[in-house]
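Engineer: Heads up, here are the entries from TrEMBL:
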DOMAIN    8-60  domain 'Myosin N-terminal SH3-like'
DOMAIN    69-763  domain 'Myosin motor'
BINDING   GLY163, GLU164, SER165, GLY166, ALA167, GLY168, LYS169, THR170  ATP binding site
REGION    598-634  region 'Disordered'
COMPBIAS  600-613  compositional bias 'Polar residues'
REGION    643-665  region 'Actin-binding'
COILED    915-1105  coiled coil
REGION    1106-1147  region 'Disordered'
COMPBIAS  1116-1130  compositional bias 'Polar residues'
COMPBIAS  1136-1147  compositional bias 'Basic and acidic residues'
COILED    1155-1231  coiled coil
COILED    1320-1409  coiled coil
DOMAIN    1504-1780  domain 'Dilute'
Amino acid sequence: MAASELYTKFARVWIPDPEEVWKSAELLKDYKPGDKVLLLHLEDGRDLEYRLDPKTKELPHLRNPDILVGENDLTALSYLHEPAVLHNLRVRFIDSKLIYTYCGIVLVAINPYEQLPIYGEDIINAYSGQNMGDMDPHIFAVAEEAYKQMARDERNQSIIVSGESGAGKTVSAKYAMRYFATVSGSASEANVEEKVLASNPIMESIGNAKTTRNDNSSRFGKYIEIGFDKRHRIIGANMRTYLLEKSRVVFQAEEERNYHIFYQLCASAKLPEFKMLRLGDANNFHYTKQGGSPVIEGVDDAKEMAQTRQACTLLGISESYQMGIFRILAGILHLGNVGFMSRDSDSCTIPPKHEPLSIFCDLMAVDFEEMCHWLCHRKLATAAETYIKPISKLQATNARDALAKHIYAKLFNWIVDHVNQVLHSAVKQHSFIGVLDIYGFETFEINSFEQFCINYANEKLQQQFNMHVFKLEQEEYMKEQIPWTLIDFYDNQPCINLIESKLGILDLLDEECKMPKGTDDTWAQKLYNTHLNKCALFEKPRLSNKAFIIQHFADKVEYQCEGFLEKNKDTVFEEQIKVLKSSKFKMLPELFQDDEKAISPSSATSSGRTLLTRTPAKPTKGRPGQAAKEHKKTVGHQFRNSLHLLMETLNATTPHYVRCIKPNDFKFPFTFDEKRAVQQLRACGVLETIRISAAGFPSRWTYQEFFSRYRVLMKQKDVLSERKQTCKNVLEKLIEDKDKYQFGKTKIFFRAGQVAYLEKLRADKLRAACIRIQKTIRGWLLRKKFLRMRKAAITVQRYVRGHQARCYAKFLRRTKAATIIQKYWRMYVIRQRYKIWRTATIVLQSYLRGYLARNRYRKILREHKAVIIQKWVRGWLARTYYKRSMHAIIYLQCCFRRMMAKRELKKLKIEARSVERYKKLHIGMENKIMQLQRKVDEQNKDYKCLMEKLTNLEGIYNSETEKLRSDLERLQLSEEEAKIATGRVLSLQEEIAKLRKDLEQTQCEKKSIEECADRYKQETEQLVSNLKEENTLLKQEKEALNHLIVEQAKEMTETMEKKLIEETKQLELDLNDERLRYQNLLNEFSRLEERYDDLKEEMTLMVNVPKPGHRRTDSTHSSNESEYTFSSEIAETEDIPSRTEEPSEKKVPLDMSLFLKLQKRVTELEQEKQVMQDELDRKEEQVLRSKAKEEERPQIRGAELEYESLKRQELESENKKLKNELNELRKALSEKSAPEVTAPGAPAYRVLMEQLTSVSEELDVRKEEVLILRSQLVSQKEAIQPKNTMTDSTILLEDVQKMKDKGEIAQAYIGLKETNRLLESQLQSQKRSHENEAEALRGEIQSLKEENNRQQQLLAQNLQLPPEARIEASLQHEITRLTNENLDLMEQLEKQDKTVRKLKKQLKVFAKKIGELEVGQMENISPGQIIDEPIRPVNIPRKEKDFQGMLEYKKEDEQKLVKNLILELKPRGVAVNLIPGLPAYILFMCVRHADYLNDDQKVRSLLTSTINSIKKVLKKRGDDFETVSFWLSNTCRFLHCLKQYSGEEGFMKHNTSRQNEHCLTNFDLAEYRQVLSDLAIQIYQQLVRVLENILQPMIVSGMLEHETIQGVSGVKPTGLRKRTSSIADEGTYTLDSILRQLNSFHSVMCQHGMDPELIKQVVKQMFYIVGAVTLNNLLLRKDMCSWSKGMQIRYNVSQLEEWLRDKNLMNSGAKETLEPLIQAAQLLQVKKKTDDDAEAICSMCNALTTAQIVKVLNLYTPVNEFEERVSVSFIRTIQMRLRDRKDSPQLLMDAKHIFPVTFPFNPSSLALETIQIPASLGLGFISRV
């Protein structure tokens, strides 16, 4: 594919930029051939028209795909050019915080100007043994590669570190040497690696200085050869230095310093030993104040001085020589302050008694006048004469400076010489690794002779580098058998010839130096005449005749000629040197002697020095006779010779290159200046490496990797069984131009850009596949969604319609019901309303009608009453009127009637006189009568009615009358009462008047009282309000205080609980740490033990004939000694019964005061033992004499028998008393002992208690023996007496008579008398002993009182102390008290032991006497008596016991037993065919038998042989897991048996009664249990190392590299340093390999019967190793930090968890050890964008440290283009959230960490008597008992 075809739309390119050097842009349209302008879109949003060069028509550089950005190896980039390299370095440095990057064979190191945690010992261990391409780039990877090639190829190696000042060359070289020192170790005990590292502080102090670019700039070059022996261990080193910058001693530029050592001296001037140097502040000296910057920020020169002195001491420079060095350095400072006064233009003088010169002369021990003279004069020698010439002030100053530089240079060489001598080894050097720390290419505004030499050296090194790169490329092509085409690369040989060839710059310079009147100007003219216009690399500046320009490989450099000749000559006046050589200061003349005559400061004589094979300083080629003229050789000549020697050395080695880059000139951390970086990349050859690689085939793939990566570009029919042919067929289709690739033997080689093209095709294919998959998936998803929605819609419709129908029906029902309800409701409402209205109406009507009726009634009543009143009034008026009218009428009538009557009478008289008139009158009268009759009837009726009414009215009237009468009476009574009341009222009125007066008075008083009350009330209210306010405030305060108290109590409770939990955790951690420390000490002890054995074997091999005679053996073990005095180095031969034993190295030593007290007590006990032995001997002699007397006087045998009986009783009483005392002592101890006494930290108490128990058991045994003796004596007495004994008085009288006859009464009397004397003496002795005991008890009571007072005083003192000090004081007091108690108890124990031994001796004596007594009695008994009563033989048997479950062997068969059972036993046969732990059971049964025999020597010998034999087996077959597991299981079982059958109650809980009968009876083997426990710990640690060695090669491959889920992760393009392939080959380990190995381990441990708890601990340790190694490799491998790899790890971890579940080991704690790895895998898979993601990560990753989280995020690399990188801002957010987390700054986990092991007691249910010994073990010589 043509390159122009890649310039399509959206393609990204690099364009030049004056500020950023290169700027990224994107094409806006496709490029077509012939286009002169490219339309670009910049990253800042601007559009740009980029014009192509019309001449070259070069297109801009293409940018690599994002997936390739940030690669570990720059050669892995598809496009290899300057912008790609610069961008890749910038991304790694700024975004990922990675300072190391490979560029082919070069390691590019960028100085971070910040301390990074990537150089610890854990990192060294992680890189040790790894392939260079498998891990992330690191200086340790380069060092490991050099070390591995040295060991593998048997070829010397070199590491060339170069770079600008301040780029970090010295630090890189230092870390490389540290790596060698850590990985290899030293072959001798002299710690050569420490001395190699110790040389760095010395060389830095005398050779490093602060410059404007670096605070610790090396001002010299050095090449350190680190020597190794055949086992590749450091044996020594050698250092060569190049071109020390001597001018810095006398001159420093602005903001620069002199060498560090001067400022360190000035900072330490106040030290007492430096008073004589008369130093002061650095600003007081001319040589240290010129730069104006005497202090480096963050550096303490005084501390640095202490480190320098410490390093000098470590290198063997004595204090006297150190002070000598400091005197010379101080003299140089004082010499710089020497001033000159001009007498005239040609002469000068020094003031008399000039103080600086006087101090200089005093320090140098030279004559003041002589030095003063030769500082102002010089000697000139001509052919005829010699004369002295004064010199000018300027010349004198230059001569002074030249002398100071010369002295410093000589001192520098002397120190280098001494360092070399110290680092030199007498052992022959097999190979070496050289570390070259040399200055990089330098160009300043003013470049002088030093820059010229530096750049000359870099030209030589660059030539060697180019040739090596070219050679490697050629070798690679030839190895892969591809056509080799010559690559055009820059050859700087012309530049080298310009400098060093004949008539070159150096030759002309040396020639001009030889000229008497040679100057810099004349030398410049010679250069112009010789090289100008003749050499293309040499130029002359336009504006200067005193400078020249050389075109170096990196850049053009202009050199100023001024000072070249002077610096090249390095002239020092010989007279001044002679004055110094005549110094009385012994060290000073040594500096100016030849190297062969120099005296070593580390030895008193010169004869002890060994010459080095290489010259330490500047080498020469002169003859021996020309040694005196060495100083006349020019500096340039010496430098050229040493440079040639260096190149010869480098060419003879395999070089490794480290190029240090300075990212900015301001020393800002992680700040990248593109301009400065590009300059250095061009100068250091990195871009040249890129150019050489790009010119050939930079991209290289193995066929398998290519197939795995680009399988997506192949069709199924293209895939063949042979990968090579498949790749060929595919490439022919993909890339038409066959020149773009080549097929090698194992790899495919691609031209630059082809991998990017393939990646583009792969990405397009994946993108198309993704689009197709997305299309199909989206269609399927949408179809599924549509169908699901359609089905859901139908379902919803069905349910909705049904719901609607049901709702409509319900609506209809509800409507009908509502209508009915409405009807009835309305009816009800209306009816109710009607009822209400009706009721209301009726009520209203009733009320209204009642109201109207009442009104009408009242009206009628009123009217009736008014009518009645009217009636009566009117009646009265009418009657009155009537009466008057009647009276008037009657009077008138009378008058009228009289008048009428008179007239009528007249008429009548007239009519009477007429008849007719009478008739007329009669006719009208009848009618009138009838009417009147009716009228009368009606009136009668009315009358009756009126009468009735009248009757009623009368009744009413009567009732009313009665009522009125009663009312009247009542009123009369009331009137009387009123009268009475009136009187009373008057009296009351008087009283009221009085009361009114009183009331008025009272009211006045009340007003005054009320006013007072108001005032009081107001005051009271005010007071109450105030009190209420105060009460409120107090309540608030009280509530606040209560709340505060509650909170404080709560906080204190929580704090105490937290503190308690923390203290508990801390105690657990401390316990684990202590246990781990103890087990580490055991591990170290076993290592030293093995080393001792190795050395002993080597010594045995070195000595041909072994010397006969005594062979020293280690002491054996005494069962009564403390566990801290037992040594596991127990000898196999035990000729001496008891030996004194030295403390073991593996035990923690006791306190020294306690040790001395114990030692004193042991001495006293030995003396008491001797006294008791003498007394015992004396008692035995007395017994023998008494036996002789007994034989002489048989007549007193009866008394002797009584005496023996009394002694027996005395022994019984003594035994009882001892038993009681022991019980009381034990009780007192158990009561007095604090928890700390019985803690593991008080072994002496435990031993004491065990020994007390054993003594108690021994006393019980002795008591039983005494009882047996007593029974035997009684039986013997019965046998001696007559058989038929009578009790009546006659027989007794007969016996008395017989005694009288025989004269036996006197003898009996004498016997009784003696017996009484004995009893009296015994009573006296018991009385005295009782008094002594009472006195002892009183003394003990007094001591207890004193102790009580002292305890109270201590308690009072402790209460005044703070809690921490109180605890510490109480602990200290408790320790002291327990120590004293232990000593006292030990003293009491010793006394009890002496008593027991005494009783044993007495019992033996009594047994002998009884035996003799029996013999005597037998002689006195008649034969008849013997026949009648046979006498049994006297024996003293032990208590009858069940002796089953024991094995008996002979003493001489012990070695055979150990050999067959331990040394030659094959674990596999035992584990498969026999019961687990059979050897342990057999050994224990043998120990039981020895215990039964009470043979301590046999027990000791057997246990010692067992322990040593197990150690021998493990030493011989210690790398076999099966063997180590077998003996770990048996050792634990043996330990459990010793515990189970020890007789201690704590271990007998689970025993059967039969097993309890098998307990040990005579010996306490607690100390041997401790030894076996230590041995088990050592075996466990060895087991862990074995399984670690087995698992280590599998872990990374199986857990990280192998694709357990195929196709998840793809292989990314790799560079020159190939990574280990993740494709499973035949030799590649997979996860199944790890699981199979775990199954193997588990099955072996189960077959061997290992304790389940111990198996859990082993599994936990295995899983920790797997997790730690995997996580460490993940943190050091950028290519492994991806999403797909996280998923692979999660799957692998789940498989491991499944294995745990299958084995029922989930509660072993193994899963928790994988938590950091699980969280790291989760971190790779979670989203990493938003703040919520950051919060989730911080809460999720609690098992990872902050450094690990940030490291994983920085290393996260997408494998495909579809993944996104982690932004820098997100990482900053994570760091901000985790800044308060307090965790370890350590990056890697400690993969070598071993958890402290414990051996929980696991009793066996197996009965010992049932164990059968198979014949296959070859143990026929032992028998069951």
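Cβ atoms are placed via backbone N, Cα and C, with glycine included.
Can you tell me where each of these features sits in this structure?
Structural biologist: The DSSP breakdown of the domain 'Myosin N-terminal SH3-like' (8-60) into helical (H, G, I), extended (E, B) and coil residues amounts to 0 helix, 24 strand, 29 coil.
Predicted-model confidence for the domain 'Myosin motor' (69-763) is 82, expressed as mean pLDDT.
Note on the region 'Actin-binding' (643-665): residues 89, 93, 103, 105-113, 139, 142, 145-146, 149, 153, 155-169, 172, 176, 213, 223, 240, 242, 434, 436, 440, 456-457, 460-461, 464-465, 468, 619, 671-673, 676-677, 680-681, 684-686 of its chain, located 6 or more positions outside it, place their CB under 8 angstroms from a CB of the stretch.
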Engineer: Let me check the 10 A CB neighbour count of GLY163 (ATP binding site). How many other CB atoms are there?
Structural biologist: 27
Engineer: Beyond the listed site residues GLY163, GLU164, SER165, GLY166, ALA167, GLY168, LYS169, THR170, identify every same-chain residue whose Cβ lies within 8 Å of the center of their Cβ atoms for the ATP site.
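Structural biologist: Neighbours within 8 Å of the Cβ centroid, excluding GLY163, GLU164, SER165, GLY166, ALA167, GLY168, LYS169, THR170: ASN111, ASN214, SER217, SER218, GLY440, CYS660, LYS662.
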Engineer: Using a 10 Å radius around its CB, how many other CB atoms surround SER165 (ATP binding site)?
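Structural biologist: The answer is 21.
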Engineer: Going along the chain, which residues six or more apart from THR170 (ATP binding site) have their CB under 8 A from its CB?
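Structural biologist: When sequence neighbours closer than 6 are ignored, THR170 (ATP binding site) has GLU204, ASN208, ASN216, SER218, ASP437 within Cβ distance under 8 Å.
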Engineer: Using DSSP, what's the helix, strand and coil tally for the region 'Actin-binding' (643-665)?
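Structural biologist: Going by DSSP assignments, the region 'Actin-binding' (643-665) contains 9 helix, 8 strand, 6 coil.
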Engineer: Counting across all protein chains present, how many other Cβ atoms fall within 10 Å of the Cβ of ALA167 (ATP binding site)?
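Structural biologist: A 10 Å sphere around the Cβ of ALA167 (ATP binding site) contains 26 other Cβ atoms.
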Engineer: What is the number of other Cβ atoms found within 10 Å of the Cβ of GLY166 (ATP binding site)?
Structural biologist: 22
